[in-house]
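Data block below; observations after.
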Amino acid sequence: MADATAGDGIAPEENRSASGLLLSADGTPLKNSIARAERRARIRAFLLILPLLAFVMVSFIAPIADMLFRSVENDIVADTLPRTVVELQDWDPASGVPGEPVFEAFYADMLDATEAKIHTRLGSRLNYEESGMSSLFRKTNARRLGRIDDTQPLAPQFEKIDEDWATVEPWAILKTFSARYTPGYFLQAADMKLTPEGVESVDETQQIYIKLFWRTIILSLTITCSCLLLGYPVAWLLANLPMKSANILMILVLLPFWTSLLVRTSAWKVLLQEQGVINDILVWIGLVNDGARLVLINNQIGTVIAMTHILLPFMILPLYSVMKTIPPSYLRAAKSMGANDWVAFWRVYFPQSIPGIGAGAILVFILAIGYYITPELVGGTSGTFISNRIAFHISTSLNWGLAAALGSLLLILVMGLYWLYDKIVGIDNVKLG
Amino acid sequence: MTESSDAFVEFERVQKSYDGETLVVKDLNLNIGKGEFLTMLGPSGSGKTTCLMMLAGFETATHGDIRLDGKPINSVPPHKRGIGMVFQNYALFPHMTVAENLAFPLEVRKMGKADIEAKVKRALDMVQMGAFGGRRPAQLSGGQQQRVAVARALVFDPELVLMDEPLGALDKQLREQMQFEIKHIHEELGVTVVYVTHDQSEALTMSDRIAVFNDGKIQQLAPPPTLYEKPDNSFVAQFIGENNTLDATVDSVDGRFARVRFNDGTLSRALAVNCGGPGSQTRLSLRPERVEFDANVEPDEEGVTGLVKELIYLGDHIRVRMEVLGNRDFVVKVPNGAEVSELRVGETAGLTWRAEDCRALDAA
């Protein structure tokens, strides 16, 4: 062997190419040899993760990409009314109702659309921007269009179908939303709207999303804090009790995981309502007047109580696993040096448990900010989250574009908070065990 | 030094039980003088660490009094005892630098900033770690961490320092070096040290006195030479240093010496230390280096014959493993010389010793 001396601790002769690259024994560059030698291992590793990768791509990455796309996509106007969109390009809403060429193009487009029965779909899409558009397009149906005589001027005949066609508004909306990509959904999600004159805030009475986002963040923070306050002592007990008692306590901590989320949330309804267990007990021991029972459910208090309960294990477990690694000798050392119990805890134990707090807090906060079922069941109107609104737009109002925009904003918000968290706490300081 | 009048630390009739069924420490009486280096030595589970923890205040004595400088401390919480402590795994706070670790005991004592800095620097210099104040414990080697731990236990000038197997995690060479360093620091500062270890050579090197623990009791409390050369019972003889044992029956006791009879009927003489009267069983203890080969052993002398089983060459001396009176692990250390060349595996050889070196102990 060329480098038989290597084993004797003497530096082996190194083969080097002209350019200074290290060469292996047969003269190929060393880096290539490593790549070839480890290719099999890498292929095998890749094959092992392939099923999961495919699953994640199909079930997670693709839907998210689709959702992000839907929040700006707006093909429907340009696809349904291609000629009208072209004609409207040169039209200025300030100059009044558009001229005859626009009506001709619109008539032709609508004939095709009504034949394909897609004109009502366009109507409901435009109704998200301006109410009344849906019924306007439903009225402009195949039967009424059939009565139009295309040798006569079209504008008055459209006015006969619905007098709105003789006003500027529907045309202005058509022009504003004729682009294939629109910021409209995002603006809506931020309580603003796109008008022919530009971007403006919606009526104060109709602003709900910004308020909902704020409420979601603040309630999630409250839930995270109360989870920390309740979970920290429990985690400490878990980490410091003798094995046998700690196991029993651990089972109690994990017990909620074994019960259905719906059952647990419904149990809170029973406990928290005005004629419920908690109020009854408070009245019975005289803390609360029977006439002034506490309102604990269908508001923010209900959401905070129920979600704190549900998310508590996600705080306790990371805290526990970090505390388990802190040897009791640190506290003893601190005490032997003259620190009383509180100083020993605050200056020695607590700083070392921060990675657990970080992990638990981020886990609970991110779970809370996207939570849906519990706020829906116990939150009433004042305790619902942004995710409840997203669900409403997906399943009830069918405004998927807005739902997608709200979802994207939530995603951006969480990522932004994560970045902030990394800046302040440092993600390296997060430890799950 | 052992008089209770000037004892600095006193254990008086101390008992400790964790479960109320068995006593981990049974009736402990121990006086430690000011400035003394006392080692508690014993196998694991012998109660030595429990004693240390009771002194530090992390365990409460089930019964009895512990006094520090004359004052009972049973109900004083650990942080008010003012005792420095070095832990087995160092227990340096990982989120603080070395200097912050050392400053901690001074800060909780509300000392001024300038004072703290001066004291920290002095303590670090004492253990030759002056250049490492800004490092984190994780960036130090085991030996360096050990030094910092010692400095931290001493930085607030305690009069008593407890060390719980502080060198257990170090490799042999470093351990020996640290033994001397700790010994020198002790001599320099005149601080009282109570040291717990299960390593007998560590105990022998460092201590003024050693308390050998077994089964919750102090088996013997004595300076190292006494402990090695004059063990009181067969546990101490076996636990400290290398030891050969031979079982025998006491035939008669004659002043300091006893005449003992081996199982094969051979008679021998031994120092009567802890054996009963005539007829009782005894165990003889013989250090390997106190046994000599003698070609012409006569019966009824201090001598027997044995079968050479193995010769182990160790350079300056040879270890000869023999079978003597049923003991297959009887070891004799012979200095490397002409005498050795006469030994052959499988042959019998005569052994003699001085009656003073053969101690008749309890049969345990």
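Numbering starts at 1 and runs along the chain as it is shown here.
For all residues, glycine too, the Cβ spot is worked out from N, Cα and C.
TrEMBL annotations: computationally assigned, not manually curated.
The domain 'ABC transmembrane type-1' annotation in TrEMBL covers A:213-421.
Cβ atoms under 8 Å from those of the transmembrane segment (A:45-65) belong to residues 411 of the same chain, restricted to positions at least 6 beyond its ends. Residues annotated as transmembrane segment in TrEMBL: A:45-65 (among others).
Positions annotated as transmembrane segment by TrEMBL: A:212-239 (among others).
Using a Cβ-Cβ cut-off under 8 Å and counting only residues 6 or more beyond its ends in the same chain, the transmembrane segment (A:246-263) has close neighbours at 234, 237-239, 309-310, 312-313, 316-317, 320, 373-374, 377. Per TrEMBL, transmembrane segment is recorded for A:246-263 (among others).
Here the transmembrane segment (A:301-322) has Cβ contacts under 8 Å with residues 219, 222-224, 226-228, 230-232, 234-235, 238-239, 250, 253-254, 256-257, 261, 264-265, 268, 272, 295, 352-353, 355-357, 359-361, 363-364, 367-368, 371, 374-375, 377-380, 383-385, 431-433 of the same chain, all six or more residues outside its ends. The transmembrane segment annotation in TrEMBL covers A:301-322 (among others).
Sequence-distant neighbours of the transmembrane segment (A:354-373) (same chain, 6+ residues past either end, Cβ-Cβ under 8 Å): 216-217, 219-221, 223-224, 227-228, 231-232, 235, 261-262, 265, 307, 311, 314-323, 385, 387-388, 391, 410, 413-414, 417-418, 421, 425, 429-432. Positions annotated as transmembrane segment by TrEMBL: A:354-373 (among others).
Residues 64, 67-74, 128, 184-186, 188-190, 209, 213, 217, 358, 362, 365-366, 369-370, 386-387, 389-390, 393-394, 427 of the same chain lie 6 or more positions beyond the ends of the transmembrane segment (A:400-421) yet place their CB under 8 Å from a CB of it. Feature annotation from TrEMBL assigns transmembrane segment to A:400-421 (among others).
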